[in-house]
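Chemist: Found this in Swiss-Prot, in case it helps:
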type    : residues                       : note
BINDING : Cys70, Cys72, Cys85, Cys88     : Zn(2+) 1 binding site
BINDING : Asp461, Asp463, Asp465         : Mg(2+) binding site
BINDING : Cys908, Cys982, Cys989, Cys992 : Zn(2+) 2 binding site
REGION  : 1467-1496                      : region 'Disordered'
Amino acid sequence: MNELMKIFGQVSGTQSFDQIRISIASPERIRSWSYGEIKKPETINYRTFKPERDGLFCARIFGPIKDYECLCGKYKRMKYRGIICEKCGVEVTLAKVRRERMGHIELASPVAHIWFLKSLPSRIGLLCDMTLKDLERILYFENYVVVEPGLTPLKIRELLTEEQYMRAVDEYGEDAFTAKIGAEAIRDMLTVIDLETEKAQLKVDLKETTSEAKRKKLVKRMKLVEAFMESGSRPEWMILEVIPVIPPELRPLVPLDGGRFATSDLNDLYRRVINRNNRLKRLIELRAPEIIVRNEKRMLQEAVDALFDNGRRGRAITGANKRPLKSLSDMLKGKQGRFRQNLLGKRVDYSGRSVIVVGPELKLHQCGLPKKMALELFKPFVYSKLELYGMATTIKAAKRMVEKERPEVWDILEEVIREHPVMLNRAPTLHRLGIQAFEPVLIEGKAIQLHPLVCTAFNADFDGDQMAVHVPLSLEAQLEARVLMMSTNNILSPANGKPIIVPSQDIVLGIYYITMERDEVPGQVLKIRSMDELKGAIANNAILFYCPTDPNTKIDTKDLDTLLDRLASRNVTAHRRVNPSSKDALEAGLKGGHLRLFNVEKPGVPLVFADVNDAEKAIKDGKAILFKVPVFVNMAEIEEALTEKTITLHTKIRARFDTVDSEGTPVTQIVDTTPGRMMLSVILPKNKNVPFSLINRLLTKKEIQNVIDVVYRHCGQKETVIFADRVMGLGYSNAFKAGISFGKDDLVIPPEKETLVGETEEKAKEYEQQYQDGLITQGEKYNKVVDAWSKCTDDVADAMMKQISSLVPGKQINSIYMMAHSGARGSAAQMKQLAGMRGLMAKPSGEIIETPIISNFKEGLTVLEYFNSTHGARKGLADTALKTANSGYLTRRLVDVAQDAIICEEDCGTTNGLTVSPVIEGGEVIASLAERILGRSAARDIVNPLTGEVIVKAAQMIQETEVELIDAAGIETVVIRSVLTCDSEEGVCGSCYGRDLARGTRVNVGEAVGVIAAQSIGEPGTQLTMRTFHIGGAAQRGAEQSSIEATFDGTVQVINRNVVVNSSGASIVMSRNCEVALLDINNRERARHRVPYGAKLLVDEAQKVTKGTKLAEWDPYTLPIITERAGVAHYVDLTEGLSMREVVDEATGIASKVVVDWKQQPRGADLRPRVTLRDEKGEELLLANGLEARYFMSVDAILSVENNTKVNAGDVLARIPRESSKTRDITGGLPRVAELFEARKPKDHAIISDCDGRVEFGKDYKSKRRILVVPEEGDAIEYLIPKGKHISVQEGDYVRRGDPLMDGNPVPHDILKVLGVEALAQYLINEIQEVYRLQGVKINDKHIEVIVRQMLQKVEITDPGDTTLLVGEQVDRVEFDIENSKAIREQGRPASGTPVLQGITKASLQTHSFISAASFQETTRVLTEAAVSGKVDSLQGLKENVIVGRLIPAGTGAVMNRLRAIAAKRDKDMQVEGESEVPAIPPVAEGSAPEAPPAE
């Protein structure tokens, strides 16, 4: 039995604890930790440097200074181990016990623990049922408190001032009642509390109380009382009688040179406590006057407060250098505190850092490591090898050899490094690809070489970036580095599943260059071997001569000598003309594509003929010439022709492409291509799913990424890596050969620019004039001008792109265009500024300056324009600095909230899921169904609606093949499994998560999907904020949408149609929720557009439209208020100077009537400004729904009709101007993402309707308007909306549940309450994706779902049923389920609750684990709360395990944990067996520690 134990080793020991409990220490507990009382404030003797006895560094209490040596030197060496010296009282032992032995200070008077007093809500206050102010009055000796009123009329816990106390003593006598002062009073009050009776009383009070505020307070007290009962702590322990003193080595005193000392602030703080405590003892012994004693007690309380949390109360105590002393709390708090500095982030040994340079000759899995660095990093390995081979006898000798850098050392180093991966890391590490493993290759020099393809993942460039190298030491670490972190294993990005090992910059340019196809002059350039041959060919008319500068000019061939000269000097190119021998030969040649017909006038233009006869006739008439298409059998021939220069890389040729079919047998295809693409085809892996058509096109960066993706999916990882490396080689060499560079003439300024700018200037003048004439307001003018210039800038840019991208035969393609189009460098936006016009600039506030910058950088800016442009550019730079921090903080909060979302089982078996459909905006499909469901599991069977066959079974993963089938079947919506609806207790299950995006396979159990999600969302945030300044602040905003066009041919369907025809005969939409849908031939809805109120509807139901037809149009800058009937308009409550004023525009002198905020004045309080329609007799008209025709005005509305004037149906009564949209960059975007994840209320949020029903306006309430929504049955629900806000519904409108009643963003909590979890998820996903989409960043939906799941962990109890839960209490979902199943087991009624949405910060602070929460934010508060309730941390998340120094329960750690659990069980079973067999032997094996209790 024992032998077995020895082999396996026991699993338990000091290290193996399963949980950590935190609770309040009782005075007895503190004394039991202590090794002695500290009585003196002295630290060390300044002459002997020995610690003073009974002082803060006392050797008798804390242990010896030197190993195995007592203080006086009587006992030295190991043999006296454990002896206590009788002279100095020091135990002979290791000096490191000074790191673990504690002392204590016995206080002369009890003091309150500041954490329990001041940490809100004050725990002491809650238990005593007193306010914090009152408590402080008692503690700091201002008031007495009645502890025991006796028979006097005084109340318990009543406060008495000194005079009142004296009066009461006089009146009732000293023994009639007890009143005390200071911490003792509070200790007595806490001691008498009986938790059981208190709880019973609270239950009674809860039942009786009616007020909500009281209930909340009672619930809080109830929770606190229950916490104390559960944890077994006593309330009076919150008042300290003994103070523990931490070990001296943890608050060291270090002698500096020059006889001064550096000391930890804690020593100062402890010294103050001891001094005051001793003085207080002496005063009490001397029976000093009460007032002096009290003052000393107060000072003691303050000293202890400062020790625990300096600065929490009153002014912080400062040291000699005027800065506050660092108290115990400060040691834990913040970035520099214990948690974040030393427990979550540690510095590691065996690491180095250096500048990186590019290493294009490396393989993907290699990195170049400077020899010097490698030798230093791998020293121990080198030493052991030197010893092993007998080159060095001792480690010291080996050390000398290494220091001298003897030649054999380098050979050993090579051997040590072989197959030993190292990890490279570039800060900031924003996602897991910021650390990857490589095999080192030794290089000369001092810089690390990095493979170019991994730069994207590291976000590295070679302008001076530095990287750190780490060496994994143990075999397991090396294994993990190789299997999980090797760069070759990280081809796909975890954020979106697309390859991240993609070529960029030069490589892209090279590949783009060789895949270009150019119609130079058609045909085959000649190489003539002899003069005679040339003469013969000319005579036979088999040759055509062209001038190369202008390939359209034919050269006359009469004068042979000049011709030869010109051929030699390359002024002429000759092309072979083919004369087919017969009609059949011609037909065969044309069919096989070996011949091509060309126009004689323009030899660059191929001709198409209906049949062979036409072709023959054209050739006879000399209208057409045949040219030969070069045909090549293999790559060798192509290479030869390229060296011979008979063809270029871009000539059209036919060639043979070798590949394999599905069985794997080699096949050849004949393809029309170019030599450059053939070069690419050689390195393409042979696979039936990787066709030649994949690369037989112009390859831009996106296309190359796509090629790599396809190769990865079909050929596997190894092939992909080899292919990527080869692509890199090919790209680099060809970029070098192409020699693409640009000069200033490559920036082509389009000739149309002047006319476009001129036209727009005219327009702007015209708007100015309209404004002068009072037809439009200042705001509308601004919007129109800005729009006009936006459009002009885009038009100039388009003209420039057209000019630059046009191909002129015989001329080189524009280099800048090639760079931008290929995605190698630069963008259309940058080119626009270089050669188009810079356009509109934004002010720092985000508004757009309406005078644009007309010049571009090539022309140069005028002084004024330059000044305008500095505005935006400077903002960009300032933003970058500020936003990086914000983004990093967002990532930190996300990681914290999601860290314990780990895949914990294969399948939870739920049938719930989310309904997914394509995202359509403005009629365009932004995210197709295919990309949204790829790699997810189906929640139910997906059936083809036409055939009824099952495409995907429930719980099966949807792969690429299934996606194609679903697309083909025309399915519009699919229900997929989602983490949001996963039923796993801990973490999430594999089925609900679906595909692991970084591997392309189903996710493994133990994958930390939460952290991956957080990184995927946070990483682009930082990227984007760092990129604002590249465009230099140029405003980017599209013109506001002002019309809807059909995106394809189809039939119109108008939903919720409610229109009136106005005086000019146009149909005006009067409905708030009118939509236009387009149906295709099979009556499937292909697009749906919302038509705003007041728009002109240009089509009708069932009308057939073609693509590009306008369906509706409107003015995007104003919200109109429109009449439904003809009549006479009357102003009601529109009083000049009160609710309306004439605004005379200074610029135009034209007056317009504007509704102003009438609530500002007292007499305006009850007004409801409106325009009412009456008939000729003055009777109020009624609308179709039976309500009076009156239209309420909101603040800032501009009236368009005069009082008592006739109006027609569909006329505009008033316009409400909309603010112009600010430019949207991620600066606006990042805070928006944070706002959504924090679940904050948006600034001007919309109120949404809770039910379906009709809208009615109720009586106004103070400054709010009352809107009633009346459902079919049940009571009306009323909403109060501030009067100035524009209400987007009219009286009598029918609204659906969840419809907004006013403008603005809805509040996520409302969506959850009204529409449920799924709608909330859809809303959050769409809103967050919207921000990233604007920046062109792709993030998979599932990452956002993981975070939203973490935000929805809590449930608010609405009905406790027969459980112990309380109404209004927020409990964890899991806890809720456990309680309910318990209730059901006992035949009780289960509780019911509603899901609660929490912001990510709040959610992370409320995790199960107090260690994780404390290390995140508000450390003291979290720890106080945890201690009071005696929380147990079961160490389930990642963070808490990192902090206590164990393997994290994810990835390989999850497997280890499982094995450890099995082993522990085995140990237990074996012990039980052993006990039953041999009862005499004690169960603990030799040499192993007994089971440790849970660590405190």
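For all residues, glycine too, the Cβ spot is worked out from N, Cα and C.
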Chemist: For the Zn(2+) 2 site (Cys908, Cys982, Cys989, Cys992), what does the 8 A shell look like? I mean other same-chain residues with CB within 8 A of the CB centroid.
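Modeler: Surrounding the site, in chain order, are Glu905, Asp907, Thr910, Arg977, Val979, Thr981, Asp983, Ser984, Val988, Gly990, Ser991, Tyr993.
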Chemist: Which one of these binding-site residues, Asp461, Asp463, Asp465, has the sparsest Cβ neighbourhood, judged by other Cβ atoms within 10 angstroms?
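Modeler: Minimum Cβ neighbour count within 10 Å, taken over the binding-site residues Asp461, Asp463, Asp465, occurs at Asp463.
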Chemist: List the Cα distance (Å, whole number) between Asp465 (Mg(2+) binding site) and Cys989 (Zn(2+) 2 binding site).
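Modeler: With distance taken Cα to Cα, Cys989 (Zn(2+) 2 binding site) is 40 Å from Asp465 (Mg(2+) binding site).
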Chemist: Per 10 Å Cβ neighbour count, which of the binding-site residues Cys72, Cys85, Cys908, Cys982 ranks highest?
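Modeler: Comparing the binding-site residues Cys72, Cys85, Cys908, Cys982, the most crowded Cβ belongs to Cys982.
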Chemist: Around the Zn(2+) 1 site (Cys70, Cys72, Cys85, Cys88), what further same-chain residues have their C-beta within 8 angstroms of the site's C-beta centre?
Modeler: Leu71, Gly73, Lys74, Tyr75, Glu86, Lys87, Gly89, Val90
Chemist: With the Mg(2+) site defined by Asp461, Asp463, Asp465, which remaining residues of that chain have Cβ atoms positioned within 8 Å of the Cβ centroid?
Modeler: Ile356, Ala460, Phe462, Gly464
Chemist: Quick one: of the binding-site residues Cys85, Cys88, Asp463, which has its CA closest to the CA of Cys908 (Zn(2+) 2 binding site)?
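Modeler: Closest by Cα distance to Cys908 (Zn(2+) 2 binding site) among the binding-site residues Cys85, Cys88, Asp463: Asp463.
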Chemist: What number of additional C-beta atoms lies within 10 angstroms of the C-beta atom of Cys989 (Zn(2+) 2 binding site)?
Modeler: 22
Chemist: Fewest other C-beta atoms within 10 angstroms of its own C-beta: which of the binding-site residues Cys70, Cys88, Cys992 fits that?
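Modeler: Counting other Cβ atoms within 10 Å of each of the binding-site residues Cys70, Cys88, Cys992 gives the minimum at Cys88.
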Chemist: Could you tell me the C-alpha distance between Cys85 (Zn(2+) 1 binding site) and Asp461 (Mg(2+) binding site) in angstrom, no decimals?
Modeler: 65
Chemist: Just the number: how many Å between the Cα atoms of Cys72 (Zn(2+) 1 binding site) and Asp463 (Mg(2+) binding site)?
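Modeler: Spelling it out, the Cα of Cys72 (Zn(2+) 1 binding site) and the Cα of Asp463 (Mg(2+) binding site) are 62 Å apart.
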Chemist: Give me the CA-CA distance between Cys992 (Zn(2+) 2 binding site) and Cys70 (Zn(2+) 1 binding site), in Å, as a whole number.
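Modeler: Approximately 65 Å lies between the Cα of Cys992 (Zn(2+) 2 binding site) and that of Cys70 (Zn(2+) 1 binding site).
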Chemist: DSSP secondary structure for Cys992 (Zn(2+) 2 binding site), reduced to helix/strand/coil, please.
Modeler: helix
Chemist: Spatially speaking, which of the binding-site residues Cys88, Asp461, Asp463 is closest to Cys989 (Zn(2+) 2 binding site)? Use C-alpha to C-alpha, please.
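Modeler: Its closest listed neighbour, by Cα, is Asp461.
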Chemist: If you measure Asp461 (Mg(2+) binding site) to Cys982 (Zn(2+) 2 binding site) at Cα, how many Å is it?
Modeler: 41
Chemist: Between the Cα atoms of Asp463 (Mg(2+) binding site) and Cys70 (Zn(2+) 1 binding site), what distance do you get, rounded to the nearest Å?
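Modeler: Distance (Cα to Cα, whole Å): 59 Å.
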Chemist: Any idea what the Cα distance is from Cys88 (Zn(2+) 1 binding site) over to Cys982 (Zn(2+) 2 binding site), rounded to a whole Å?
Modeler: 66
Chemist: Calculate the distance in Å between the alpha carbons (Cα) of Cys982 (Zn(2+) 2 binding site) and Cys70 (Zn(2+) 1 binding site), and round it to a whole number.
Modeler: 63
Chemist: Tell me, by DSSP, whether Cys72 (Zn(2+) 1 binding site) is helix, strand or coil?
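Modeler: For Cys72 (Zn(2+) 1 binding site) - judged by DSSP and reduced to three states - the answer is coil.
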